[in-house]
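Listed in Swiss-Prot:
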type: BINDING; residues: Cys9, Cys12, Cys31, Cys34; note: Zn(2+) binding site
type: BINDING; residues: Pro123, Thr124, Gly125, Ser126, Gly127, Lys128, Thr129, Leu130; note: ATP binding site
type: DOMAIN; residues: 1-50; note: domain 'ClpX-type ZB'
Amino acid sequence: MNKKNLTICSFCGRSEKDVEKLIAGPSVYICDYCIKLCSGILDKKPSSTISSAPVSETPSQPSDLRVLTPKEIKKHIDEYVIGQERAKKTIAVAVYNHYKRIRALLHNKQVSYGKSNVLLLGPTGSGKTLIAKTLAKILDVPFTIADATTLTEAGYVGEDVENIVLRLLQAADYDVARAERGIIYIDEIDKIGRTTANVSITRDVSGEGVQQALLKIVEGTTANVPPKGGRKHPNQEYIRVNTENILFIVGGAFVNLDKIIAKRLGKTTIGFSDDQADLSQKTRDHLLAKVETEDLIAFGMIPEFVGRFNCIVNCEELSLDELVAILTEPTNAIVKQYMELFAEENVKLVFKKEALYAIAKKAKQAKTGARALGMILENLLRDLMFEIPSDPTVEAIHIQEDTIAENKAPIIIRRTPEAIA
C-alpha cells in the first residue's frame, strides 16, 4: 500500500485503522497514542530518561552504568554456569573492558581501544548461551538471542539483520538508551560460513552476504529499525539505534574446526594422522584452545567479520562430573527445581548419587550436553507428577541408579494411615 491508500503515524507507524485519531501536520501525522505518550514524558522530571526516543544518531548516555570487576563478573557466572573456567575468565575480562570503554566515553574521555565482541566455540550444550544469558542478568542490561540460520541479506526470503536490533529494543521496552548498551547473542554463527553445505536455494548460498550484513551492526552503525519488524519499505518510519556500544556475542559448534587447526599446526606436532576420523574430545578441546583467526577464515568466515571479534574462546565438552554438578549445584539447578515441586505436594524427592551419574551418562550419550538433562528428568518424573497430587499416601520418592539405567520403578515410601489421618 502507498500513502494514498493508507495514512500512518509518522512516529510509531500505526495506520489510521489502528488508532482513534490521526492528526495531520505539514507532511507528518501523529496518532492519539503517541500524543498521550509524549504527554506522559513531558510530565516527568527533567532528569528522567526518555524511554521511547525515536532517533539516536550517537550512542545514548545513561548515567547509571556500574562496571563490575572481572572477578565479580566471574563470581556471579559461577552461580549458574558449571565448568568452563578459562572461558568464564576470558569473557569476564572482555565484558569488563567493553563496559569500561562505554563508561569512559560517557565521561568524554579519549578511548583508543575498540569493542570487545566475543566469539564462543564449543559443542552443543556446553554452556555458550547460558553464559550470555547470565551476563545480561548480572549486568542488568537488555538481552536477546538470534539464530544466524534464519538471517538473510537484503533481497532474500528470511529475516533482516536489523530485526535482531529490534528484538533487543523490545527487550528494553523500546528504551533506546538501554538497548544501546545491551547484549545480543547470535547462535549457530558457524552455519553461515561460506563453505557450509545444505542451505536453501532461497537464501544466500555462500553465507558471505549474511556475514557482510551482520558486519555493519557488529562493528557499530546507526541501524534503521522497523518498529513492527518485517521487511523495510520506502514509506515506513524507523527507530534509529546506534549499535556502537552493544556487546555482540556469537556462538557455534564449528564442527571439524579442530581438524583445520591440526592441519595448521602440523600432524606430527599433535600425534595423529588424517585417516583418524574420530579424535578424542580431550584432543579436540586442546586444538580448539589454539584457534587463530586464520582457522576461522579457512572454515568459511570472512576476514572482516572475524576481525570484529577480538575475544575468541572455546567452551569445552562437559565431563560427567560437570554434568552431575549442573544437576545439583547452580542456584537454579534443575534437580533443586523438581525437589521444590514435589515438596509443594508434601513429598520428599531423593536422588541417589549413582542415579545422578546415570542421568549424566545418558545425557552424554545423547551428545547434546547439558540440554539433555532437562528432557531426561522430565521423562523420568512426568508420570509421578501426574499421580502424586491425587495420592496423599506418598511420603518420599527415591530415585536409584537402576531407575535410570534399567527403567525400573523408583522406590516409593508411603505414610502410615495414622500419619494421613
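Glycine too: its Cβ is placed from the backbone N, Cα and C atoms.
Structure coloured by features recorded in Swiss-Prot.
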| residue | record | Cβ contacts under 8 Å, 6 or more apart |
| --- | --- | --- |
| Pro123 | ATP binding site | Ala253, Cys315, Glu317, Lys367, Gly369 |
| Thr124 | ATP binding site | Ala253, Lys367, Thr368, Gly369, Arg371 |
| Gly125 | ATP binding site | Leu318, Ala363, Thr368, Gly369, Ala370, Arg371, Ala372 |
| Ser126 | ATP binding site | Gln84, Cys315, Glu316, Glu317, Leu318, Gly369, Ala370 |
| Gly127 | ATP binding site | Val81, Ile82, Gly83, Gln84, Ala87, Cys315, Leu318, Gly369, Ala370 |
| Lys128 | ATP binding site | Leu120, Gly122, Asp187, Gly251, Cys315 |
| Thr129 | ATP binding site | Ile145, Tyr185, Asp187, Gly251 |
Taking the Cβ of Leu130 (ATP binding site) as the centre, count every other Cβ atom within 10 Å, in any protein chain shown.
20
For Gly127 (ATP binding site): DSSP state (helix, strand, coil):
coil
Just to verify a number: CA distance, Leu130 (ATP binding site) to Cys31 (Zn(2+) binding site), in angstrom, no decimals.
41
Quick one: what's DSSP say for Cys34 (Zn(2+) binding site), helix, strand or coil?
helix
Cβ within 8 angstroms of the Cβ centroid of Pro123, Thr124, Gly125, Ser126, Gly127, Lys128, Thr129, Leu130: which residues besides those meet this for the ATP site?
Gly122, Gly251, Cys315, Gly369, Ala370, Arg371
Among all protein chains shown, how many Cβ atoms are found within 10 Å of the Cβ of Cys9 (Zn(2+) binding site), not counting that one?
23
Among the binding-site residues Cys31, Cys34, whose Cβ has the fewest other Cβ atoms within 10 Å?
Cys34
Quick one: what's DSSP say for Cys9 (Zn(2+) binding site), helix, strand or coil?
coil
